[in-house]
Amino acid sequence: AVLVESLLVFSVVLSVHAVVWDRFSWCAVAVAVQAFYVQFKWDRLLQLGGAVFQFRGAANSGVLPASMVMPLLGVVMKERCRAAGIVYFERFGVVVASTGMLLALFLSVLAVGITKPVPTNTCILTGVAGSVVIYTMKHSLTVSEVIEVLEVLLIFVYLSMILLYLLPRCFTPGEALLVLGGVSFVLNQLIKRSLNVVEGRGDPIDFFLLVVVVGIILLGLFFTVLFLFMDSGTWISSMFFHMMTAVLGLGVIMPWLYRLIQRNPLFWLLQFLFQTQTRLYLLVYWTFLAASACGVVFYQNAKRSSESKKHQASTITRKYFHFIVVATYVPGLIYDRQLLYVAAVLCLAVFIFLEYVRYFRIKPFGQTLRHLLSLFLDERDSGPLILTHIYLLLGMSLPVWLFPRSCAPKGTLPGAGALVPYSGVLAVGVGDTIASVFGSTMGEIKWPGTKKTFEGTMTAIFAQIIAVALILIFDSSVNLNSSYAWILASVSLVSLLEAYTTQIDNLLLPLYLQIMLMA
């Protein structure tokens, strides 16, 4: 299964390399080859218990698929913005690619360093790949860009040491690289933009994303350290939690956002949300869907109370939420993507805040949330945090957040790139959901080495093709320019990756589909 997963990742890397064919795509190939070898060292370390931190069990290390996400995203973003003539974002793509490669190499060096005896061949490959990447960076990046890449690496090292210690068994090494690498990059971007504020430059919704993500994570770190010294389950601690959340929100996050957007953040947000009648209709519709999702949670817990033998929700029950998320995102993508962008940021902040309340047992809702959400746990929620629903939201939102709007003057990219914002809907909302439902109910032929079925994968591919046809009918901004073969190949590769990967598919699949569609 690991070999097939690696083969699929190499197929994506080589597809991008064939389209781009420059020094950075060659570097991506070199990083992929060394990550393939290092992945087996990490797997061995996890099996023998030799890793420094406790990682999530029942999964391989996932180093190869995770290592290639940031480099490939940077490479395809650079190429799209170069074609559009937007130099600033072309350089931004170069920085993203270089940062991803350096983070992947750091994870490789870490594995090689703690493996005994020292693996000679892997050391040589890592050294060669590292030399190629550093040589390319030396001849491609300015001094300020090199400093920016090294800053992200430094933040990543410290953030990994803190979070992997505080949150054991929540991530595999690959998931840690993907999540913590992304957070480190966002934090560095926020610091950089805060120090270089130019009035009128930058989109407020981008600043809103950066400040909210960094603010909510810093909030969690603050309370994690605080509750090491006091019991979080008491009423006094709960009152202190709510009071400090308000203080940090109003005293730190709001002024920070005000400095960046040069406007009162609350007034700006209210004006943005209720700017048009379409937005009002969408907000009412989304409120109804949110209430429906809560209704599913309460109904399933009521059934659990009446049927004492049933302890966990079935796969089909969990996929209800995928259907609700698709019904949420598709109208937003068609009618108002900026509103969807901001609403997804707000929803992420609410999800993470509620997870803090559940994790720290904050009164009055902490214990209730623990009881309600325990029904929907699966084998991937083996650590102290429940992250599956947050990964689902991220998987649907990242293609919207990472869409290079400045490099798409008409609001959409040409060809298959027009489907980039729909990557989450196609890969997770349609493909993963249909594969799980049909595979678990009608699947008989299993893919070698996995629990996934041939019928589930084929149905998922077919369903995604139908979804693309429906998008073409209902979204007039999408024009594929006869790039149907590439779309079919992209959907097929990602669906096969869903069958073979043991990583968090809600997070990984949309990013790989976005990379293929942008290429």
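Cβ coordinates are placed from backbone N, Cα and C, and glycine is handled just like the others.
What you are looking at is a predicted structure, and each value in this text was computed from that prediction instead of being measured.
TrEMBL has this to say about the protein:
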type     : residues : note
TRANSMEM : 7-37     : transmembrane segment
TRANSMEM : 57-76    : transmembrane segment
TRANSMEM : 88-112   : transmembrane segment
TRANSMEM : 149-167  : transmembrane segment
TRANSMEM : 207-228  : transmembrane segment
TRANSMEM : 240-258  : transmembrane segment
TRANSMEM : 278-299  : transmembrane segment
TRANSMEM : 320-335  : transmembrane segment
TRANSMEM : 341-361  : transmembrane segment
TRANSMEM : 382-402  : transmembrane segment
TRANSMEM : 422-442  : transmembrane segment
TRANSMEM : 454-474  : transmembrane segment
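Taking Cβ pairs closer than 8 Å, the transmembrane segment (422-442) reaches residues 315-316, 319, 322-323, 325-326, 329-330, 333, 392, 395-400, 452-453, 455-457, 459-461, 463-464, 467-468, 471, 491, 494-495, 498-499, 505-506, 509-514, 517 in its own chain, all 6 or more past its ends. Contact between the transmembrane segment (207-228) and the transmembrane segment (57-76) does not hold: fewer than three of their C-beta pairs are under 8 Å, each pair 6 or more apart in sequence. Sequence-distant contacts of the transmembrane segment (88-112), counting only residues of its own chain at least 6 positions beyond either end whose CB sits under 8 Å from a CB of the stretch, comprise 24, 27-28, 31, 34-35, 38, 41-42, 45, 63, 67-82, 118-119, 122-123, 126, 129-130, 133, 136-137, 140-141, 145, 148-150, 152-153, 156-157, 173, 177, 181, 185, 404, 406-407. Nonlocal intrachain contacts for the transmembrane segment (341-361), taken as residues 6+ away from its ends with a CB within less than 8 angstroms of a stretch CB, comprise 205, 208-209, 212-213, 216-217, 219-220, 223, 227, 232-233, 237, 241, 245, 269, 272-273, 283, 286, 332, 367, 369-370, 373, 384-387, 389-390, 393-394, 396-397, 400-401. Below 8 angstroms of C-beta separation, residues 2, 5-6, 9, 12-13, 16, 20, 24-25, 27-28, 31-32, 35-36, 38-39, 42-43, 45-46, 93-101, 103-104, 107-108, 111, 169, 172-175, 177-178, 181-182, 185, 379-380, 382, 402, 497, 501-503, 508, 511-512, 514-515, 518-519 of the same chain, each at least six residues beyond the ends of the transmembrane segment (57-76), sit close to that stretch.
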